[in-house]
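Enquirer: Submitted below is the structure of interest, expressed as structure tokens.
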Amino acid sequence: MNPHAMLVSTLSLLLGTTITISSNHWVMAWTGLEINTLAIIPFISKPHHPRAIEATIKYFLVQATASALLLFSSMSNAWATGQWDITQLTHPTSCILLTIAISMKLGLVPFHFWFPEVLQGSSMTTALLLSTALKLPPITILLMTSHSLNPTLLTIMAISSAALGGWMGLNQTQIRKILAFSSISHMGWMVVIIIYNPNLTLLTFYLYTLMTTTVFLTLSTTKTLKLTTMMTSWTKTPMLNTTLMMTLLSLAGLPPLTGFLPKWLIIQELTKQEMTLTATIMAMLSLLGLFFYLRLAYYSTITLPPNTTNHMKQWHTNKTTSTPVAILTSLATLLLPLSPMILTTL
């Protein structure tokens, strides 16, 4: 991509996100979301491959529909109440329309169909942006309006997302699609608790972003796109693959790794809210995700490909691991002992 176009698109992404997360007025929030959508399109369509163009069109159509719904929701609320403030969303129809619009933006079930396809058509870096940075503005809007939304609807959507994210990830061989379904599943965990403890949703989002960034950057370093190439990457960077296994298990939510913290706190909070059945269902559904994370970990580290060489694999490589990947891997696996300090910030 042309460096000037790259710079303009990157700055537009930062600007769009900043406008949305700092605005109180619906029109400003909508403007920020639109800037984000237009800024990411060059990144998705950059490879000039039919799959990338298809992904770009799908992404644009879905995001345009979601933005139109969000604008319609805010206008109907302003028509009924005279309020353009984001926190003053009180009209019932507007609340449902907003839930649908944000669900489309985030890729929540049943509006998730576009997300795996768009990620599959994007490069690893763009897929990382779509999975993390571009989810922050819609989650912020959901956070500011959470007191007005329907708890039953959000709980049903959250459980459906956790279930479908787990089920659909089981039979995938493309790593970007697996990570897309993993993202859908994690969004379910964030949405289920947003009405009862919004700060916990933000904490879950930050930790999810941290772990997903680590996984994407590691896979980008080893140039791994599907499970079969994952098996052969062990011989190139054994140490990086070992840390990738730890990060994947952290993403699955296994103790004593970082990813256990948000799941533990969410289940605890749901139990406090006397939603024991919801907590039990979410905990059971996380086993589905655990299965495909374990499969990825197994492929990355435990399975060695057939090879003709007789010598032992050396535990060193000429390539040095980049410092950001090393720092992110440490954070994505070792933050659980800091949980008392993290809890004081909630």
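Start at 1 and count along the chain as shown; that gives each residue its number.
Just so it is clear, glycine is given a Cβ too, placed from its N, Cα and C backbone atoms.
Here's the feature list from TrEMBL:
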SIGNAL    1-20  signal peptide
DOMAIN    23-288  domain 'NADH:quinone oxidoreductase/Mrp antiporter transmembrane'
TRANSMEM  57-76  transmembrane segment
TRANSMEM  96-115  transmembrane segment
TRANSMEM  152-171  transmembrane segment
TRANSMEM  178-196  transmembrane segment
TRANSMEM  202-219  transmembrane segment
TRANSMEM  240-261  transmembrane segment
TRANSMEM  281-304  transmembrane segment
DOMAIN    290-343  domain 'NADH dehydrogenase subunit 2 C-terminal'
TRANSMEM  325-343  transmembrane segment
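Have a look at these and tell me how they're positioned relative to everything else.
Expert: Sequence-distant contacts of the transmembrane segment (96-115), counting only residues of its own chain at least 6 positions beyond either end whose CB sits under 8 Å from a CB of the stretch, comprise 33, 58-59, 62-63, 65-67, 69-70, 72-74, 76, 89, 130, 135, 137-139, 141-142, 145, 149-150, 153-154, 157-158, 160-161, 163-165, 180, 183-184, 187-188, 191.
Within the chain carrying the transmembrane segment (152-171), a Cβ under 8 angstroms from the stretch's Cβ atoms is held by residues 96, 99, 103, 108-110, 112, 116, 177-178, 181-192, 194-195, 275, 278, 281-282, 285-289, 291-292, all 6 or more beyond its ends.
A Cβ distance under 8 Å defines the sequence-distant neighbours of the transmembrane segment (240-261), meaning residues of its chain 6+ beyond its ends; these are 182, 203, 207-208, 210-212, 214-215, 218-219, 221-222, 233-234, 286, 289-290, 293-294, 296-297, 300-301, 321, 325, 329, 331-337, 339, 342.
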Enquirer: The transmembrane segment (57-76) and the transmembrane segment (202-219): do they have three or more Cβ pairs under 8 Å, with pairs 6 or more apart in sequence?
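Expert: Checked: the transmembrane segment (202-219) vs the transmembrane segment (57-76), no contact.
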Enquirer: Who are the chain neighbours of the signal peptide (1-20) in space, where the CB to CB distance is under 8 Å and they lie at least 6 residues beyond its ends?
Expert: 28-29, 31-40, 42-43, 46, 129, 133-134, 136-137, 140-141
